[in-house]
Amino acid sequence: MAIATQGTFNSYDWVSKYMLLYGDRPDSWTPYIMKGGNSVCITKMNVFHYSFTAKHIRLLPLAWNTENGGKVGVRLELFGCPYDDSVVYMYPEKRSRTLQDYITINFKTLEQDGLLLHSEGIQGDIFTLELKKGRLLCLLQILILPGSSVLQKINGRTTLTAGSLLDNLHWHYVKIIRDGRQVNFTVDSQTVTAVCNGEFTHLDLDKQIYVGGVIEQNLPHLPLTPNFQGCLENVFINGINVIDKTKREETDIRIPRKMHFACRDILLKPMTFAGPNNFLQVPGFFRRPRMFVKFKFRSWDYTGLLMFTRFADDLGALELGLSEGQINVTIFQPGKKKIQFGAGYRLNDGYWHTVDLAARDNLLTLTIDEEEASPLKITNPFTIRTGDRYFFGGCPKTNNTIRKCETKLNRFHGCMQHIFIDNEQLDIDIVLQRQWGRYAELLLGTCGITDRCTPNPCEHEGRCIQSWDDFICLCENTGYKGEVCHMSVYKESCEAYRLSGKYWSGNYTIDPDLSGPLKPFEVYCKMKSYKAWTVIMHDRVEGIKVTGSTIYQPYIADVNYWNASWDEVTALANTSMYCEQWIDYSCYKSRLLNTPNGRPFGYWIGRNNESHYYWGGTFREVQKCGCAINQTCIDPKFQCNCDADYRQWYSDKGYLDFRDHLPVRRVVVGDTNRTGSEAQVTVGPLRCHGDRNIWNTIAFVKPTYITFPTLRPGNTIDISFHFKTYREHCVFLENSDEHLKNFIRVELNTTHNLVFVFLVGDGILNVTLHSPVQLNDNEWHFVQAELNVKVARIKVDYQPWAVTRFPGQTFITMNFTHPLLVGASNRTLRPFLGCLRGLRINGVPLDLEGKVNEEQGVRRNCTGECLNASIPCRNSGQCIEGYASYTCDCNNTAFDGFYCHKDIGAYFEVGSWMRYNIRKKPISDEAAWANWIDPHYDNFSLGYNDTADDIEFSFSTVHKPAVLLYISSFVQDYIAIILKYDGSVDLRYKLGLITHKYQLTPRNLADGYPHYVNITRHNRTIKTQVFPASASPEVGDIDYEIQKHNAPGFIGCISGVRYNVYAPLKAMFRPNETNPPVMTQGYVSESNCGAFPPVLGYVPWETRLCCDFLFLLSVPINYNLPFCSLVFLVPKIL
């Protein structure tokens, strides 16, 4: 069913918002609010979120185009289905015994209570359909096993409730489908599904079925509900058209009185107070000594003005208001204290209530719902002279101070009808023609009340409280939070608590399915540094003694877990990485598995009620005990100790650790009936650790997607997952229908914008979160999104929620038909490249790793191209994952090129050098002293890490001596690498007052070949490497002792120079800033110096002790030249 609207042809006239009203007759309407089109060229179709039946349709424009002279204009088309009807009140009589039932009935009434259908059997089976407080109840009671005549002591009664405010004199449609114990109960557009209590499937109704009421008053299970008053139509019971049989007066139909085969309408003419400034003003008879006011109202609001009138001759005023669900009457008298009293209770329940007020001098009587036996009477002194105006629902805004309506109450929002003033009924038709009284923001001829709490939009047993146009959910003591009590306040596992920073053991409440239907429950979390154990106790931990059982009548020991249902404990085991449970069978002449080939006497029952014939300490499904695996059974002919059947106490015990079979639900013992036979059964607590959903990870390395079954979320959906990517635009997931008329999508719109886009009602909406940090930084980010009838929101990591709130009249329709796509939108648009893990929708984890397909580009774990790169990044370059490709980050290296493989070197001529300033200006002595006391003071730095150094470079020369590299600080500490007169290389360290000298190699390296030097210091430990391979950076002045080796200076090539994160030659020849901190003297030109990158392999160590230093030396062969590796323990510098 739908309505399509379009503007007037060739004009600027169109409607942008309208109210649709429908009804069975032209004087009684039910409103349906939807948005219209916004163009004369485009047809706007709105599909109704629930179906309805009507004879009349009315369209009331609420907003329209006003630009370019536009006015109200509309073309419309309705889409519906044909309808056939008939009406009857009948009484069939037929015996039945059914496994399946299909019953339909339509009705309309003004009464809140009434019996529609009723039947019962002598065995105790009952079927009842009744209207109670404006809601429809279906009661089924199935008590007897098929073919049995003995009443079973099982509670087989099941009650289903659906619908609300069904006493509105509109047609309502009921359908009941039963298949064994499964029942679907539908009222209008609401369907309730249940499984009947008990264990029986056949409904035995061996007497007649009553329709519309009962005749006999002595039925044993007769409901106290009165007979139905109203109209019935299309009554079908298991394919039998009862109405047709009644019309033909067939013999199996009994009719107690004359029936009418037409539904006679009752003219009600209600009115709806639905606006922020609504009121109704009607005239009254002036200066009468008696006042009579009577009306009916229905509302959800706690407060509101029902009626106000000002007395004649300035005698005061009378106010009738709704306050906290009761009627408050207030009489104002000039110069006197106001008289105030209340009556009624919870009158804001949405049902019709009658208010009857009668007053004369010194006496006022108030009757609620025509309970004349207990009216409220007030006998205070006051004078009544009726005024000429009565105001209902609110006071008009006016400057007239004479007989003005004044009140502190809010405006009434609800419905009224049957208004009587001084025993004269108000004619709505005259008011509608504005010939009598005044009104504003009223809907005449309709009651537009809506029950927003039926069905209950609050999940997990949240309490719904509603007003006229909105509802709120009270989630206290439910364990859930949010607008509709959807999101769990607890973590899903002990592992999740540990990862959130809870490191202490104790009792925690967990919710394994989060927003799913299972309730939270308390467990004991035993926290370790690397894992968290979840422990659930039960009632069999202490063990139980068993005697007198046989294989045909075994003893069944149920295991009842504390604080949790069986489904909840199973959910915990299912989401854990590992579970175990101790089981112990101690026996005295009592066999267990009856090995090797006998029928087991004992076994245990686990998940899915499956029986398992293996015991603790062994492998699954091998029908052995742990002693058979360890070869420790007391009799090797048997595979369990107890199967030896000795008259001594033995035991078979061990851990059950196959998670998919746990937890233990029952233990069956069947061999303790012989003389002296006895057994003791003990089951340990369930112990689990890990959460396999948190680390369920895949990587998309090609433009593709994976599919999951179509979502059926109802009216609320929540989505959560972790992601990491480098892409600026990508879609994480999408679910839609065939033509994208109904969809949800989560996507990364820009580097900073995370967007939740959806079309679940009227128009495409989105909620956008703008992150202050980039989200495509290839780091893990946690996304949460939620959509319900009140709000849509999304968040990432610890940032605040981005929220879009909906109006109170919002309905959500998530009827998807396509599979859920993860990794791209429909037709592989905007694919995601990166890693996803821990995807949950409505608390249900989706198995991402189960969709791994290497050929399609979906990999297990977060592994992209960096792991198996054809050419890895060289020289400590960092691999930047692109998932479909990769790049090498060479910023913190002294090399260049796509793979950081290109050496950057310089040729130094005579008298030339280069200087790289790590810190541009010196620090004060006070700051230096403060840094020595506290290295973290004021983020101070000497220009390098003063507890660690990492130096590497290559050089080639034939000239000696020379200073290859010199690093100094402003406090005269320095590091120097010197090429001595004999061609050997020394390392000089001055840290404080003492200078330390170390010979890196005694060989003559001034041989014109390239040599590689690497020095690493951490605190007092120095590691150096010198071998053939492929700057002269300095800070401050060169020490005098070092200067002696600097004449005539270094002549040759130096390349690949790096000190910690600084690369002086790269800064000079590949500058990434306008003024790099580099100075040169003489001629320094770029050259690769014939260098080659180092290839570092495993180095075996040899140890010898010399002169208070520990030398670790090894000499592998590389290019026929020695490779020397030394580790020095440097004395502590004070």
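Every residue number used here counts from 1 along the chain in the order it is shown.
Backbone N, Cα and C define each Cβ position, glycine as well.
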As recorded in TrEMBL, which of C835, C890, C900 forms the disulphide with C862:
C835
Taken over the domain 'EGF-like' (863-901), the model's mean pLDDT:
82
How many other Cβ atoms are found within 10 Å of the Cβ atom of C835 (disulfide bond), counting all protein chains shown?
24
Secondary structure composition of the domain 'EGF-like' (863-901) [DSSP: H/G/I, E/B, coil]:
0 helix, 10 strand, 29 coil
Could you pull out which residues elsewhere in the chain have a CB under 8 Å from any CB of the domain 'EGF-like' (449-486), counting only those six or more residues past its ends?
135, 162-165, 190, 192, 272, 274, 298-302, 350, 413-415, 509, 511, 515, 517, 519-520, 715-716, 718, 786, 788-791, 808-809
